[in-house]
Every structure is written in structure tokens, then in C-alpha cells.
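Note sheet for the following structure.
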Amino acid sequence: MAGVFSVEVFFVLFRESLEASIILSVLLAFLKQGFSGSGSDQVVYKSLVKQVWYGAAAGLFICLIIGGTFIGVFYSLGNDLWAKSEDLWEGIFSLVATVLITIMGLAMLRINKMKEKWRVKLAKSILDSHKHKDMSWWNPKRITTGYAMAILPFITVLREGIEAIIFVGGVSLGTSASSIPLPVFTGLAAGLLCGYIIYRGGNVMSIQIFLIASTCFLYLIAAGLFSRGVWFLEMYRFAKAAGGDVAENGSGPGSYNIKASVWHVNCCNPLIDGGWQIFQALFGWQNSATFGSVISYNVYWICICLTILAALYEEKHGHWPLLGRFQKKKMTEAEIDQMVREAASAEKLATVKNAGSHDIPMDSFESTSEEESKDVSR
Amino acid sequence: MKSFVVLLLAFMAMVSAKTVTYNLTATWVQANPDGCHERRVIGVNNVWPPPTIEVDKGDTLVVHFTNGLDDRNSTIHWHGLYQNGTADMDGPSMVSQCPVAPGASVVYNFTVNQNGTYWYHAHVPSQYPDGFRGAFIVHDKEAYFADMYDEELVLPLSEWYHDEMQVLVPKFMSLYNPSGAEPIPQNLLFNETMNSTIHVKPNTTYLIRLINIGAFVSQYFWIEDHDFQIVEVDGVYTEPSTADLIYITAAQRYSILLTTKNTTDKNYAIGTRMDDNMLDLIPEDLLLNQTNWLGYNDDKSDYHNADPSLKDLTAPFDDFYLVPHDKQGILPEPDHEIVVDVSMDNLDDGVNYAFFNNITYTRPKVPTLYTVLSAGDDATNSLVYGEFTHTVVLEHMDVIQIVVNNADTGTHPFHLHGHEFQVINRSPSYGDDDPTPYDPESSDNPPFPDIPMRRDTVYLRPSGHMVLRFRADNPGVWLFHCHIEWHLEQGLVLTFVEAPKIIQEQTNVRPDHWAACADLSVPTTGNAAANSANFLDLTGQNAQVIFLPAGFTARGIVALVFSCISAFIGMGFIAWYGASDLSNTEAKIILKNGVELNDDQELDIQDTETVNPHLAHHN
């Protein structure tokens, strides 16, 4: 199983597709907010929803092309390069993967905040786009205005997709190419499913519990990876000093540095035995633990705890511990709500206008828009 | 009448026997045997290579040996010579004598009642590969092939290192060589040099004495387009056996009869090749095979490499099937059987050691022979020789059977001091994962040969086994060990103390041998721990490094428990952090701000104003 399923890749895909689907759901919620109700809007609404999906599909398509090429090139060129000092690269790749997973992991627990964040961003960009409507016709910003509902998901999906590609590239540096496709698809599916449930307003509580559980899992993996990375670097140094293939002896004596060993069992070698390899991928198991691998594992968890404390502090006080004076104050929730409403209205207005619906007097739109801009700029 | 003849012959032997004296002083010299690298080597009397010692059968040899090396001890072992009655002349340091300190001298004095091809070499740890080894030939006019050849050649073979042993050994016996990978030699020497020519006459028969005086790799030997006849192995004359390819391990000897061709039109390649299965890795620049030439004429234009791909190396002559010329039959069922398993493993210091039955030879504090001499009646108790010299006491005249099972995946040439043994079973090699010990009950065992081959150095194949027999008719302290110097260093040695009571009766250690001990303050009485008050008390003996603790020790358990605890605490923090996000849900925000958003679901542009008050309120 370990050869065909990279757990790290699964989580990267899960996380990125979850984020993309949340953005889509926020967008769709916008449209719903703006166009629900009156019958005449339904046609426009449907065409806008279509735009969103087309944009997302286009973004995904380009991503798949880029990703495929990237990974293809990567594996055809890369692996030869690293074969020589495998332990060194394994170590470095494991550490890179740890950093990547660590960075994106905690954000997954802030799904609600993330939703908020995207609402703000989208609202801002919609408002911005309407500001440009007076520009000359060839201005790129002007051109995109009419298709904002396609451009936004397009860019979003592309962005998340490319991010996913880079992360997958990062975390899978040390793994075999065959272990990537399956977690890519399952991760995508899981992320989209989760996003859909959130969009449909599923049980917030159970979604959160699910996210907590999977994040715990993700960090178990990351801690194990970190420890493994340090282990590989130590192994590289030992192998270099030993001047040969020290793993020649399998898991027995001679395959490890006795002086650095904390425990060693002559079995259960994750490099040789598939079952233990899964155990290692999930929990960082080592049959031959070194001081470095044990200490790094513990230090990793301590760092996570400290980071969480700091993040909670930031949420409560609006700035990171010790950094208060350097950070500008953020918008309050009410401000955000306000801005979102304005954006939804503006979009509706613009669309209705474009669609040739003249039921509403022009001048009132204009004046409202200007006020909105002022509000936001506060 | 018959007894008169015997007496007469004995008398004649006495008058013809002479005393041969050599003065050998070990000295450092510069040499460049392979033409690739000049280095410091150990020569004799300021010359390298050391001289060939030649005696006639029955001669008494007196060697005045001086250790002229300024930085290390030394001794000389006479490889293959039985030392019957002179067990104190055998040479291994801390076994039959004390090491000889720089500047000190000892005399080796013994009678050679054997014939054939032998050699001598330093027998302190890791010294002879630095160059201190040479041929030892016992000429025998009575040899059955004495009139079958015209000329005689001695051809020592060996591998050569550009580094001194004092550089290689610490790297080898190191935490950083956990697999026990033996250092890779740089070249194969042929007659102590490379790319040489042996000039031969046409239509002439040569007796060529091949000696592998190396310390590690076995060598394949062949001569292009020539067959030859094997007539002696390790001092044992054999029935002539035709071969075109032989496999010579470290310390083995072969005498072959080579009859040259009628014409001198062409020169022929003499090929030697390392057994690369013995090498842990093969460096790209290592030449596995070397070519020397059998020169019929002086025209070197047809010299060419003995490409081993042109030679089928899969089936070298199997010495198991040689038949000794004396037709000595197989010894009867053994009185004493010793079964040993050969293995390699790492001890607690991370160094890779070699074991016979989990014991790696560790030198005693008193040379074992001197323990025999000082132990009185306790000498028959193997305990007094220490637990880590792996000593087995043998009864005089018992038939001894040694079963050697190879749990290691390498070829090992085993040598027994003081004896030659009958090789009555030797298995093929088995796979790395399939070590196959000797099973006397197995129906697969071939029947023992009626007239087994005998020699003093026999190779054991990877993961295989062999069965050896000899009669304990030579009182003395004899090492049984692998003749790969690296493995000797790793402790692949055991000690036989044969007929200790007779040793005590017949041994008279020379004063200069005692003096050598005094020079280095090596105790000469007592058990392996130098305890002469109570020979059964081994307190303070030299012991091997302890075995690696298996699995989890206290340290490991603590580390594992702490790792688990920190993982759980960490996950607790994550859960806490995740749970606090619930306060970010819309429902919570609404609750907090006291806003009813239900109306806003129907939001349209005019509603903007109605929401604004919240904003204002909030600000």
C-alpha cells in the first residue's frame, strides 16, 4: 500500500480542494444572496452560476495540464539526480514536506475563518472591478469586469491548484511516482465532498470534529516526517563516514550507528517492510531510533503547541504575541458583513445593467456605488 | 634384518641432515612492488621482498630473529610446519610465545621433518600484509616427482595495499565500518611484482611452487593454452592431477608440473584474478585480473592481456578430489567432535567482529603455552585458558573431527597450526539467506572419501559447511583460524591445547623467549587472567565487548513514552485550537453581535442602508 498511496499527498490535495470548494461555495452563496427571489433575476442568476462553474472548470483543466507536465518532468529528470546520495535527499525532502504540511495544516482548522477571509477577498475584488467600469474598453481590468463571476473561480482554482502542485511536488520529492495518482484523486474527492457539505450547511459541529481529527492525523504524519528527515540526515552522515552501503545488512547490527542509537529492534524496518512503512508514514515509527530522531519528534510537537498558543493569542488580541505595535488592526466581523453585502449588491446591479434590465434608475446605482466605495475604504 | 635396515636408514638420515642457519632482522624499507606507489614495507635485513628460506627434509633450522622495527613488536610463524616436540617455536604471539619487542631477539630452532612448499610470516596482529612474509621450501630428493622435472620455480602470489596496516586496521575495526567490509586491495602481485615475465625454455618441465602469501583475496591462476599437473598441496604430495585453472586462497600452496611447448614462436599469458565475490565493493579503477607472461622468446609484441572473459572461471579445480600420494585412509570415527558456527556480528562498540559459536577470540594475558606449562594438573581444564580464547583441550592421539558451519556469506580459508587435516566433506556454497549447517543424518551427504585430501588450509564456501578430521598426535598449542588477516583481527580464531600433560613434559622454553616476555612485562605464569594463585579464578581476564542489547532498553522505553506523550499533548492543542474555531461560525458571530440576519437573506440594494447602523453601532 505504501508504494501506491502517499498519505502526505492525500492531505495536500484534500486541503487545497477543500479551500477551492469553500471559495466556490462562498461565490455561489454571494450569487444566491444577490439573486434569490424575484423571477426575472433567475435567468441572470443561472448564467452567473454557469460562469462560476465554467471558470472553475477552466482553472482545473489548466491545473491538470500544468501539474501533469510538472510531475512528469520532475520524475523523469529528478530521480537520477538524487539516487546517488539518497539518504541526504530523503532527509531534506522529508524536512521540506514537514514544513509545507505544517504551514497549511493549522489553517484547515480555521474553516470558518477561511470562509470569512474569502468573503472579504471576493467582496473586495468585486467592488474593485466595478470601480473600473469607466475605464477605456481595452483596459484589461475593464474587459474582465463582465466576466468577474468566471474570472474569480478561474483564478481561485488555478491558484489553489498550482499551490497543490507545488505542495505535492514538495511532499512527494522522496516518494515514488506510483504513490501519487491514487491519493491525488481520493484527496480531491474528499476535499470537494467536504466543501459541498459545508456549502449545504451541514452540521458545523461534526464537520469541525472531522477537521480536528484529520488535522491531528496530518500533524502526526508531519511529526513523523520531521523525525524521519533528521534520521535520514544522520544516516547520511553515518553512511558517508562508513563509506559504503550500510543498509546492506538490513535491519541488523551494522545497519545503524550504535553510538547514536536510542532503541533498535532487529525487525519492523520501515525501509524494508511494507506494513511498518505505513506505520512510519502515519506515526513516524523507527525501528532504529536515534537521539536526533527522538528529540526532533518531541521538539516538533512542542513547536506546534507554542504556535497554537500564539495563534490563539493573536485571535484574542488581534496581534501576535510581542508584535502588537507592528500590526495594523483588522476589520471587525460587522465591517466584513457590510462589505460583503455591498459587493453582492454591486454585482447584482452590474449584471442586471449589462443584461439590459432598466427597471431601476441609473443614478441611484451610481450614488450607491460611490458610497459603498467610501465605506470600504474606511 | 628389517630393523637393521630401518636403523641404517635412520643413521643415514642423521648424517645427511644438517643445520641451516638464517639471521633474519625485520626492518622497514621503501618499496614499490606494483610500480604504482612507493610505500614503507617490512623487509628482512633491509631488503624487500624477504628471502626464501630453503632447507632439505630432515634439516634443523636455526633462525636468529631480531625485531629491527622501531615501532612495533613482531614474531615469525612457520606456516605449515608441525613443530612436533617444539610447540614453543610455532610463533603466534600470546599463544606460543611473547611478542618480540623492538630491538629484541629470539631464536627459532626446530627440525623440519616434512617436505614441500611452506611459507613464513609475522604472527602478531596485522603485520605480515605490510610485507613481512616469504616462501619456505623444504626440498625432498625422495619426492615421487623428483625426477619428473628439470627446473624449479617459486611463485608467490598476493594482494597489495598502498596503505599500511596501521592505517587500514583502525578504519576496518571501526564504528564506521559496521558491515565489516574488508579493505579493498589495490593490486595483485605475482612473484612480488606486476607485469613480469617468467622466461622458460621449450620442451622443459618445471616444478612451480605457487604460494598465496596474501592476507585476503583468493586468486584464480591459469596459463593460457597450458595444462599442468598438481603434485602437492600444502606440503602433501598428491597423485598427479591435470588442471588448467586453480583457485588458491590466502595461505594455500600448490606445486604444479608444467611442461612447456616444443616451439618458441609465441609467448603466453599467465592470468591471475581476484575472487571478486570476496570484495564488498569493486572500485571502478580496480583491476581484478593481472597478466604476467610465460616468455618463450624475447619478442614482447605478442604480449596481451589475459582477459578472464576468454577464460571460463566457473569451474576451477576442486582440491577436495585430490588424492594424497601416500594413500593414507580416512581416520576412524572421531573420539572428539567440535562443531563451530562461523558468524559475523556487531558488538556494543559498533565494531563488526567474527565469531566461532559467539566467541570472538580475545588475547589472554599470558601466552597460552605458558599457561599450559605453569598450570600443572589444571592444564587439562580448558577454563584456565580463559573464556575468550575459545580453548578446546584435546586428548593425545584422539581422532578429532571439526565441523565448520558457515553462517557467513563469505569464503573463509581455515588454517590449523601444527596439523594438516583430512577434508572429508565440503558442501557447495548456498545462498545468503540459506546458510546450511552440516547435518550428519542427512541423506544428501556424499559418502566420505576413502582416501581424503589433506592440507593445512582449507576453504569453506559461503553459507556452506565442511567436516575435517585429524589425529591429535602433535602435542602443542595450535590455533585454528581463518587466514584472512582481517578476520583474524575480528577474532575468527579458536585454540586447541593438545595433550597438555605431554607439552609440559617435552617443552623447554629457551631463555631468550622468556627474556622477550620480560622485555614487554608480559606475565609468563598463570591462567589467561595471569592469576597463578588460583588457576580457576579468571577475574580480570581480557573479555570480548558485550553483545548489543536486544530491542528496547530503559532508555528506549523512556524515549518512546515521552514521544507518545508529546504527540498526545500536541494533538490536544490541535483539538483545542480546532474547537475554538466554532466561535467563528456565523451563528456564533450573530449571537455575539445580537444581529438577526434572517431579514438580510432577502437582501437587495436598498437594504444596504438598513444594515449600516450595525456598522456604525459597532464602530
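Heads up, the Cβ atoms here are built off N, Cα and C, so glycines get one too.
Marked as compositional bias 'Acidic residues' by TrEMBL: A:368-378.
Among the features that TrEMBL reports, region 'Disordered' is placed at A:351-378.
For A:12-31 (among others), the entry in TrEMBL reads transmembrane segment.
Per TrEMBL, transmembrane segment is recorded for A:52-76 (among others).
Annotated transmembrane segment per TrEMBL: A:88-109 (among others), in sequence order.
As annotated by TrEMBL, transmembrane segment applies to A:147-168 (among others). Nonlocal intrachain contacts for the transmembrane segment (A:147-168), taken as residues 6+ away from its ends with a CB within less than 8 angstroms of a stretch CB, comprise 9, 12-13, 16-17, 19-20, 23-24, 27, 31, 48, 51-56, 58-60, 62-64, 66-67, 70-71, 100, 104, 122, 125-126, 129, 180, 184, 347.
The transmembrane segment annotation in TrEMBL covers A:180-199 (among others).
As annotated by TrEMBL, transmembrane segment applies to A:206-226 (among others).
TrEMBL lists A:294-313 (among others) with the feature transmembrane segment. Sequence-distant contacts of the transmembrane segment (A:294-313) (same chain, six or more residues past either end, CB-CB distance under 8 Å): 98, 102, 106, 219, 222-224, 226-227, 229-230, 262, 284, 320-321.
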Seg_contact(the transmembrane segment (A:206-226), the transmembrane segment (A:88-109)) with at least 3 CB pairs under 8 angstroms, min sep 6: yes
Dominant neighbour of the transmembrane segment (A:180-199) in A:12-31, A:52-76, A:88-109, by Cβ pairs under 8 Å: A:12-31
